[in-house]
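Take a look at the structure set out below.
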Amino acid sequence: MPVPQAVTSLAARLKMLDGQEIPQFGLGVYEMSDQETYDCVKRALEVGYRHIDTAEWYENEEPCGRAIRDFMKETGTHRSEIFLTSKLKHNRDYELAMQDIRASLKRAGETYFDLYLMHSAIGGPEVRKEVWKALCDAKEEGWLHSIGVSNFGAKHIQEFIDQKVPLPTVNQIDLHPFMRHPEIVKICEDNGILLEAWGPLARAMRFNHSVVQSVAKKHGKDEAQIMLRWGLQHGFVIIPKSVSPKRIKSNSEIFDFEISPEDMKELDALDEYLVTDWDVVDTE
Ligand SMILES: NC(=O)c1ccc[n+]([C@@H]2O[C@H](COP(=O)([O-])OP(=O)(O)OC[C@H]3O[C@@H](n4cnc5c(N)ncnc54)[C@H](OP(=O)(O)O)[C@@H]3O)[C@@H](O)[C@H]2O)c1
């Protein structure tokens, strides 16, 4: 298994298999209103985040794009320093996927997305193949710099390998000490596909666990910072969500300590297949 990469600062990037780079740390904006999205994306960029994760589904691509543009204008930051991801809500057919990509770009006010994902594998093998072809072609057009998938199980990743088509650069799945998806992680790591952890805080559902609390106490950090550092040290891209300006900042303060191999093992042992949102990795 390849040694996981781990970056040392908020804006630092990991290399993807298509040669592009992705900041290992970002802000997720699921279940945020337009105003919350605008304010939180601005706040995150101001404290140093350089990666924003939205989706057609979240209905907030527009305020993400607007906040990024305002931040760029106010600070002179170049667009290339910021990484914006969106995702395709429905897998239907080639033409509709192309239409949906164009509509997402228009809503965001962007000419390209840095990363664009199939939000799930739902639809069956034929539909997946057609939709992936659309993403590949949209990449050729320059609308998408990198393409990937989300919530794909090991068997869905195997399809790409069997079909000898370009592999996704990332697979965004629910990943935290209480949900480790070892089979999916293995096939992705063996094939150079980066794992992106959604729900990296397990939606704050296990902050009272004694192991998380004891590691936090040892480092003078809070439980959220321990769960995020765990993901970072595994080489996962992590995209915690918060609407709190204070937590947006504290969640990013994880580059000044290291969890020991023994404590990583203890955290690794907490896997209980905890589902915090949907679970579609076994879809047909
Ligand atoms: N691809 C997919 O299917 C999929 C599915 C789900 C999520 N995602 C992506 O992943 C992102 C993150 O996942 P998520 O939103 O499900 O969950 P998460 O990041 O694990 O947890 C978010 C929850 O934790 C709370 N929180 C954040 N920081 C905290 C802290 N320091 N202390 C205490 N509580 C804290 C937040 O509340 P406050 O907001 O009040 O701080 C919120 O309730 C999403 O926003 C989205 O971009 C993708």
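Every residue gets a Cβ built from N, Cα and C, even glycine.
What you are looking at is a predicted structure, and each value in this text was computed from that prediction instead of being measured.
Around the Cβ of Tyr58 (active site, proton donor), the number of neighbouring Cβ atoms within 10 Å comes to 18. Residues annotated as active site, proton donor in TrEMBL: Tyr58.
Neighbour density for His119 (substrate binding site): within 10 A of its CB lie 19 other CB atoms from the protein chains shown. Under DSSP, His119 (substrate binding site) is assigned to coil, being neither helix nor strand in the three-state scheme. Taken from TrEMBL, the feature substrate binding site applies to His119.
Marked as domain 'NADP-dependent oxidoreductase' by TrEMBL: 26-272. Per-residue confidence over the domain 'NADP-dependent oxidoreductase' (26-272) averages 98 (mean pLDDT, predicted model).
Packing around Lys87 (site 'Lowers pKa of active site Tyr') is summarised by its Cβ count: 25 other Cβ atoms lie within 10 angstroms of its Cβ, all protein chains included. Here TrEMBL flags Lys87 as site 'Lowers pKa of active site Tyr'.
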